[in-house]
Structure formats: structure tokens, C-alpha cells
Amino acid sequence: MDAPATASRQPIAEEPRMSQESSLSTVSTTSLVFDRLHEHNEKSYHSSSQRRRAPSASRGGYADHPDDDDDDDESYKEADTNDLETGPFLAPASVMMRRVGVDRGLKKVILILAAAFLFAWGAALFVFLSNKSYKHASTIDHDPSATSRGSGKPVTLDQVISGFWYPTSHSISWIEGPNGEDGLLLEQGARGKDYLVVEDVRSGNKDSQVSANVVQSRTLMKNPWINVGGRQLAPSDTRPSKDMKKVLVSTDRQRNWRYSYTALYWIFDVETQTAEALDPEHPDGRVQLATWSPQSNAIVFTRDNNLFLRKLDGDKKVTQITNDGGPEYFYGIPDWVYEEEVFATNSATWYSEDGKYVAFLRTNETGVPEYPLQYFLSRPSGKEKPPGEETYPDEKRIKYPRAGSHNPVVDLLFFDVERGDVFSVDIDGGFADDDRLINMVLWANDKVLIKETNRVSDIMRVVLVDVVARTGKTVNTIDVGELDGGWFEISHTTQFIPADPANGRPQDGYIDTVVHGNGDHIAYFSPMDNAEPVYLTGGDWEVDDGPSAVDLKNNLVYFVATKESSIQRHVYSVHLNRSDLKPFTDTKFESYYDISFSSGAGYALLSYQGPKIPWQKVVSTPSSPVSYEHVVEKNEDLAENAKKYELPILNYGTLKVDGVELNYVERRPPHFDEKKKYPVLFQQYSGPGSQSVHKKFAVDFQSYVASALGYLVVTVDGRGTGFIGRKNRVLIRDHLGYWEAHDQIAAAQAWAAKKYVDPARIAIWGWSYGGFNTLKTLEMDAGRTFSYGMAVAPVTDWRFYDSIYTERYMRTPQLNPSGYDQTAVSNVSALAGNVRWLMMHGVGDDNVHYQNTLTLLDKLDLNGIENYDVHVFPDSDHGIYFHGANRIVYDKLSNWLINAFNGEWLKVAGAKPIVEPKARV
């Protein structure tokens, strides 16, 4: 069978581990010894004729200190570059050696012994090779759990940036059949097939038991284009109706924000293979969102922020549902902050299963302040400047609610398709308009379950609305701030469980992720208004994705959790009555899995993401009556590359800080030697609930630094991050940046005490929240542990960031003024205590505004602080890509770090002019 759906090369965030398939063979050991003999001889030769000053732990004790006038022997430097770990990127300390004369007789004895040794070694090598025991390192499978590496090439920065090391992955567009058939997928653009085809995932399998139940494939679109009015248009996206008689096709898509876009929409008829405009009277009207009715008889869509309905009953008339949509009123779609922080999608429209009602969000941005984004080279507004004004920058103004400012006012409205009217349902005891966040909307037959919180996200109301009776009530109120001082995270995995008395489900219910004990677990609420659930999971571990799927026939709930280890992920199932919790994946091996289930949960795309080379399979689940397995991706090319290149040695462990066990991964250079003194780069993100230490396979920038530059790279997930217990997560509330920085400093102090670490050369870096915590760490440490730092797109004051994210962790500036003062990067005198640091930012960043960097620069100017470098990128957003900027970011990080660890930045402070260059001898 062809690989289902679309293959893509996806970056995966971390380095892996592999099972210990094979230890070092005799030959690889011999190779290592041979390499070290050569290395020893070469170094001994140069050290006998060259004096080098060993650095002390003090600031002035760098090997490349500007006062080291005797470090000018070019022959030494040239030879030294052959060792990646002591070459141009790493200036090692050497001990002083004296030349000792040797008499001729002793020389003769030494030569005879050397000749005998070489003869014996050659004979042993001949026997060794003749026994065919030799295996070159490039033929040995990559083992991420290995404690040493063989020979190979270093990882390059070009490879990391180009995607050379990205595992190939596939996604499946699972689709439910018109009659509820399970295991169907949507194939688009598959080689040798029609353009859009519905396939049974088991098609092509020769097993008679499997093939007997395969649903016949069905072509929806033959060609990779549609003809409209004599024009051939290429689809940007395709969405079949549930009955598979029509396809909603979008063309000419234009991006707006992270998830949102506008496009032209067309209705494609499968039988006639013809297309017509979604709105025949406005065929070129750009649509923001279009959604099928579950009954396949209508499409609801948003255009110009108003909601419309197109019925497919032969009448091509379009009904306008709302009329006052515009720049400040949105219907059926989220505004910027709800798209970014709440729904993580471009949709705020929800159809009832019977197609009789449409729930949609109304967003009023009238009171939300605007933030101007300036573009100096591009014109994202699409507006041409009038003659004579072409040199002025383009400007895009977005309604961006910052912490403490006015939030958009949101309401949930309903459209009765049969009556044609819009209505709302008032609920007693609700949050005030400026204090209400609507986080989730879920249809449950003719009822709607709504989760809303106050704006600081520590009180939740669960509301149940009866759309037929047009009434509603609050069924549960939870004050988690009172419970543990924490907050509610937004979840989109809540699933409706319809009643089935014959199958042990007497009433409707739902499954949700809830706070239970010291973490996130899944619970079953039934009936719908029950506030006391059955907890399906519990214990000293957490559910990461749940419910991932529900098999209603067998009452099985699938989920992904950290039950084996906080840095692993396995898939499990549990019965709705809480019995029979068992793993679906093999838990005997360290693994990190992701999974995508078919509509009926009978099949799944199982993605193994590490620590070995990633692979993917389509498999049957315990819910399927027939066993099935098909390998989709082996990543054989990646496996071959991993054999040929020297990937870092991965050392996983835990570090105890203030009694809390923190996960870490230490990436060591391929030929790590505990007798050497290594610089250390700490890389972290540190954001609330995030995780950077895990068992995924990844070869990334950190891998390049360890492999090619020869530095140690350490990642420690400090308090505030995810999956180390809720108590350790919510500790950071009201003072972001304090415990995160504290734990990075504690980790750096632990590494500085190690014998193989040069304590004078320790740096830290991060992007976004990681950039913020880099600066907070440098500020708190004031140069006592960290010498250098690199911050990309950092927040420097949380009063500048969006309200929904910030207030969840900090509450409002009005409620927590001292917290905001303390969390801002403001102690610039402490920053002056570091040797040097780097800051980079995109001028067109719509997420973390460039104002963050400019404000910090002004504080530095006011205090005369100059020990930093800045690089800004015009027109780049938070990802920094405009005009090849992303490559420049990583080039800058790499080169800046090399200069830092080579001691070059020590020469910048107090620089003195050289009137006449020093003559070379």
C-alpha cells in the first residue's frame, strides 16, 4: 500500500537513546586506541616545544587571555585544529613539559623495541582482519545509549538548518465513512492514483481475513485542479462532506496569523467532477472559515467577520446570519489573542451533530488597545503607498490585549437553522464581561457543555446549555487557586460519551482532563451535570494526551501518559468503569510514542519518536476484531546517516535541587574525555508546563554544538516545567523567572564542580520564554556562575505580553504589582557582572514585541552598561525567517559562542589601541 497521506520532514526537539544492541566490538576498541595513540603522540610532540598557561577558575585565567604573549606559535595552532575537542573552537590548557636529552645507546634500544612492537601489532592486526571480525563504525547501528562513539564525521550546522537530520514522518487524515465505517483515510496527491481518494487503511493487504473486510476505495477528485469559469485553480485544501458526495475546496490561501488565513472557497461535486462558488453572488469574496454540516446539507462560513449559511438543497441562496461584523466584531472566528492562546485554530464555530444548530463565538474588540507592527521592506497590508510615499514603512495594527488591559468580550451565540434566528442563553452567576474567558465548547446531542474561567484562569465554571429549551445552568465550579495556588491550563481533548444503556452507559457523559492528586488525569463525568466524576487514572504520573480516543463499542478510553517515566511516553487503555488499565505499547523498552486514532478507534498511526531512529506503523488496536500492522516509515536514510556521523553522547539523569528531582540531559562530545576541561552551554526553554528533556530522537543545534564544536550542552527542566508534579509546576505563580533562574544557576553550579568542566566558561541560551529565562538567570547570577548568555526574542517585561497567557501565571498587574516589578529584567547592574551576552529580535514580531528588547536597551543605556551585543532582523516575526534571517540567527549563535569560549570577549572590555603591530619572529 502507498504511504498514507502526506509525508513531511519534521524537526523533533531532542536527542535520543537507543537500546544496547551491541557493545563496542574489539575492532572498534582497537580503532579508538589507535586514534588515541595518534592523538597522544601528536600532542606530546607539540607540548614538548610549546608553553601554554593553564587557566585558573578566576575570570582572568582564560587560556586565550590577551596577556598570553607567548601563545604565538602558528605551527602549534595549526596542528591543534585537527582535534575537534581541542581545535579552533576550544582553547585547552596544557601542562608545561621540558625537553630532555637522550643518549645514542638508549635511542638504539628504543628503536629496537619500537620495531618489535610494530611487528607484533601488524601480526595481530593481520589475524584480526583475517577472522573477519572487523566492522567499520559506519556499519554499526546508531546507539544513543552508548557511552562512547567510533569514528565518523561531525554534525554540521548546514545539516541541522537544512533538515538533513529531520525524521520523515507521515500524517493520516482519518475520515469516517458515510455509514460509520472505521479505518478510512483521505489520500491526496498519492503517486499513481487519482488526486483525492478515500482508502481503507488495510487496502493492499494480502491476508484473506483482512482483505475480506476492506472497504472499496472511492475517488472524490480525479485531477489536482478544479475548473471554474474557464480558470484552472489548484486546491490549497480539500474537505469532503460526511456523505462524500461533495468536497469543499479552498484556493488562493493567504496567511493572516499563526493559524488563520483567507481563501476562495468552492463546492466540488464528486459525481460530475465540477465546481461552483461557495457564494455564487460573491465568487471572489475571501472567506475566513468554512465548515460542513455533519448532515452534509449545508456549509456555514465567515466572511468579513460576519457569519453566513449556504444550504445545498438546490437553492444557491446564501443566508447572512450576522450583520454587524467588522474590524471590532468577529463572528465564528477568534481574534488574535483567542487564536494564539485559547483555541489554537482559526475556528470558533461548532455545528450540532444533527445539523439543526450552530454555536459560534462573538468577539467584541472595541475596548482592546492596538499595537502597531512596522514593516520596512515588505508590505503585508497589501496596500501600495501613494506616489512620493513609497519609502515609508508599511504598518499593520493588531488588537493586542496586554496584561491588565481590556480583554476582548466574548459571548457564545446560537443559530437555529430551521427557525433562522440567533439567540443567547443567560446563565446566573457568570463572570463579568471583562473577566470571562470561554475555553471550550462541546456539543452533547441537543445540549452544549461550556468551560469558562475568570481572566486569571484560577476559577472555572462548567456550564450546560439546553438549546431546545434555551436554558442553561452552572453544573460545576472549581477554585484551583484555593486548592493549590495554581491555574487551569486550556485543554481541547474533552469528549462526549453518549448514553448506551445496553452497553453499561445509562446516561450521557463526557471525559475530561482534570487536576487530580499531584498531576493531570482523566475523569468520566456522567450524567452531564455530575460534578463528582469517576477518576479513570491516578497516581504519581500524568496524562499527557487524554482522551486520545474512545471506543464506544467496548467502552475503552485510550490515552498517552508518563506512567513509566516522566521523560517517556507510552499509550494505554482503560475501561470506562476504571478497570483493566494496561499499556498498548511495549513498556519494556524506553520509548516516546505519539498516536493518531481512526474515527472509531479501531486503527491508529503509531509514531515511535525515540530514542532510537523514529518509525511509524499503522496498527489495529484492541478495539479492532482483526489484527493488522503495516510499516509506513522506517527512516532508513536517517539510520544510515546516524551511522556515518559522530552524534553526541547522551547522558540522562536527575539533579536534586532543594529536594526536588529535576530531569537533565548532558550532550557530550563524541570523544568525551573526563581528563579534559570542557566549556558548558546550558540550553533551556523553561516555560510553564513545557518539557525539553525527553527521549525523542533529535539532531539539532545543541547536537551540532556538542559534535562539531566539542562543547558540553546541558538541558535541565527546572521547576515550573511539566511532568515533574503539579506542586513543582504551580510554585512559579506570581513571580515568573525566579525559580526557573534559580534552578538553572543551581544546575550550573553542580556542573562547574565537575572535574571535566571549565567553570570559567559556562553559558546559557534560549528563545522566547527561554530568552526571558536566559536574561533572568544572568541577572540573578550576576556573573558568579555564568559568564555568557544568548537570548533570542525574549520577553523582558510581562506587562508587554498578552493578557490571557500572562495573567494565567502572574494574575494582573493590578492584583500583583510587585510581582510584575520583580519579574521584569531590570537589574542591569547585575547583567554587567557577566563577561558578555547577546540579544536578537525580529522587528516584526507580533507575539513577543520588539518593544521588549528596546526597553531593556534603554535601561542599559541609562546605566552605562555596554557588555552586550544586539542583532535585529527587519520584518521578521517571532520565528525570524524573513530574507534568510533564520540561518543568520544560528550562524550568529555559533560564532558568538566560539568567540566567547575562546576568550575573545574578554579582549573587548577595556580595549587598548595598538599603535604599531607587534613584529613576528
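Any Cβ shown, glycine's included, is placed from N, Cα and C.
Pulled from Swiss-Prot:
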- Ser768: active site, charge relay system (ACT_SITE)
- Asp845: active site, charge relay system (ACT_SITE)
- His878: active site, charge relay system (ACT_SITE)
- 35-45: compositional bias 'Basic and acidic residues' (COMPBIAS)
- 66-75: compositional bias 'Acidic residues' (COMPBIAS)
- Asn131: N-linked glycosylation site (CARBOHYD)
- Asn364: N-linked glycosylation site (CARBOHYD)
- Asn577: N-linked glycosylation site (CARBOHYD)
- Asn827: N-linked glycosylation site (CARBOHYD)
- 1-87: region 'Disordered' (REGION)
- 1-108: topological domain 'Cytoplasmic' (TOPO_DOM)
- 130-921: topological domain 'Vacuolar' (TOPO_DOM)
- 109-129: transmembrane segment (TRANSMEM)
Asn827 (N-linked glycosylation site) CB neighbourhood, other CB atoms within 10 A:
17
All-chain count of other Cβ atoms within 10 Å of Asp845 (active site, charge relay system):
21
Among the active-site residues listed here (Ser768, Asp845, His878), which has the Cα closest to the Cα of Asn364 (N-linked glycosylation site)?
Asp845
How many Å lie between the Cα of Ser768 (active site, charge relay system) and the Cα of Asn827 (N-linked glycosylation site)?
20
Shortest C-alpha distance to His878 (active site, charge relay system) - which of the recorded positions Asn577, Asn827, Asp845:
Asp845
Hey, which of the recorded positions Asn577, Ser768 is the loneliest by Cβ count within 10 Å?
Asn577
Could you round the CA separation between Asn577 (N-linked glycosylation site) and Asp845 (active site, charge relay system) to a whole angstrom and send it over?
49
Reduced DSSP assignment, Asn364 (N-linked glycosylation site):
strand
Using all protein chains in view, find how many other C-beta atoms are within 10 Å of the C-beta of His878 (active site, charge relay system).
18
